[in-house]
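K.L.:
Got a structure for you, questions after.
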Amino acid sequence: MYDIMKKIGVLTSGGDAPGMNAVIRAVTRAAIAKGMEVVGVRRGYNGLINGDIVPLDARSVSDIIQRGGTMLYTARCAEFRYEEGLQKAKKTCEEQGIEGLVVVGGDGSFRGAADLSARGILSIGVPGTIDNDISMTEYTIGYDTAMNTVVEMVDKLRDTAQSHDRCSVVEVMGRNAGYIALNAGIACGATYIITKEEPFTVNDVISKIIEGQKSGKHHFIVIVAEGIGGSEQLAKEIEQATGVESRATILGHVQRGGSPTVQDRVAASQLGYYAVDLLSKGIGNRVVGLQHNEVVDYDIQEALKMKKEFPHDLYKIANEISF
Ligand code: ADP
């Protein structure tokens, strides 16, 4: 039998995502319910290096479940990639009596969590990123909210594109992954969705628009994934080739904000709770995630090596019904 941990920490790291606060709440309350103390580490791994740590109780996480951003702030921390930084972090944990840690972030943050686990501070990764680019889980916290934001914005762009007979080229986030582009693209009724996972040429996009013009279509939405970029140039090329006035919009950081959707709040609560459950059993070096709506966990190194399939069938559907 193991001794239950007395004190754990929670931190948010890398890019922020709606729902991170809901994880902090779930972790705090789950830890307290199990009789553990819990502290918040501020600004990602920087807080471990600098000792920027705040006590958390049930009331300090009141009224945050509905808020975007993260009450613990988030940051990137270059120092943490080196042994010296890791040793400083370990020392802070030892001084503060932090035996386990929940790290909410993406792949980079999970590498840090593996490094800490290897040095005796058991750490669990919780996938919090709008990009949905973590292989071991079908779903990442923040993804649904970001997609809904994109859809809301593109619906507005469509109104003005329709009024002026324009083509709206909209670049959406996702880093190198096209999940936001694909799903938001379908939901917006995009004429063309451009992602790294599917082959395309500018001529394909132009041909689709010309085909649409022939059948009486006057306005067009083209969604471009961040990993492809070049939206301004693409808009120019579309305008030259088709005569349709074309404008590029890069949605940018608005996609990271806002109140989390139901799906993000539920996933955050489930995964945050499960992470604490693992720590309470003396288990570390795992990432938790969702597969077929079930909570699963994997060894961090194993999780980092996994590959995620792009839903090519969904892309095909989007393409076939967008003329
Ligand atoms: P994300 O977690 O969203 O993928 P990053 O890749 O920027 O974001 O990583 C967030 C932080 O995780 C980095 O600033 C660094 O502190 C830590 N990190 C990233 N890669 C490593 C690594 N190989 N070893 C240790 N820590 C890392």
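Cβ atoms are placed via backbone N, Cα and C, with glycine included.
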K.L.:
In TrEMBL, the ATP site includes Arg76, Cys77, Gly106, Asp107, Gly108, Ser109. Which of Gly15, Gly19, Gly174 does it also list there?
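P.N.:
ATP site check in TrEMBL: besides Arg76, Cys77, Gly106, Asp107, Gly108, Ser109, the record includes Gly15 out of Gly15, Gly19, Gly174.
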K.L.:
Given that TrEMBL annotates Arg25, Ala26, Val27, Thr28, Arg29, Lys217, His218, His219 as ADP-binding, name the residue from Arg81, Arg158, Arg175, Arg256 that shares the site.
P.N.:
Arg158
K.L.:
Anything from the binding-site residues Gly15, Arg25, Arg76 with its Cβ under 6 A from ligand 1? List those in sequence order.
P.N.:
Gly15, Arg76
K.L.:
Lys217 (ADP binding site) to Arg76 (ATP binding site): how many Å between their Cα atoms?
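P.N.:
Rounded to a whole number, the Cα-Cα distance is 46 Å.
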K.L.:
Could you name the residues, excluding Gly15, Arg76, Cys77, Gly106, Asp107, Gly108, Ser109, of the same chain that surround the ATP site, i.e. Cβ within 8 Å of the Cβ centre of those residues, in sequence order?
P.N.:
Ser13, Gly14, Gly44, Gly105, Gly112
K.L.:
Inside 10 Å of the Cβ of Arg29 (ADP binding site), count up the other Cβ atoms and send me the figure.
P.N.:
19
K.L.:
Identify which of the recorded positions Asp107, Asp131 has its Cβ surrounded by the largest number of other Cβ atoms within 10 Å, counting every protein chain shown.
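P.N.:
The largest 10 Å Cβ neighbour count belongs to Asp131.
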K.L.:
Using DSSP and three states only, what is Gly108 (ATP binding site)?
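P.N.:
The residue in question, Gly108 (ATP binding site), is helix (DSSP, three-state).
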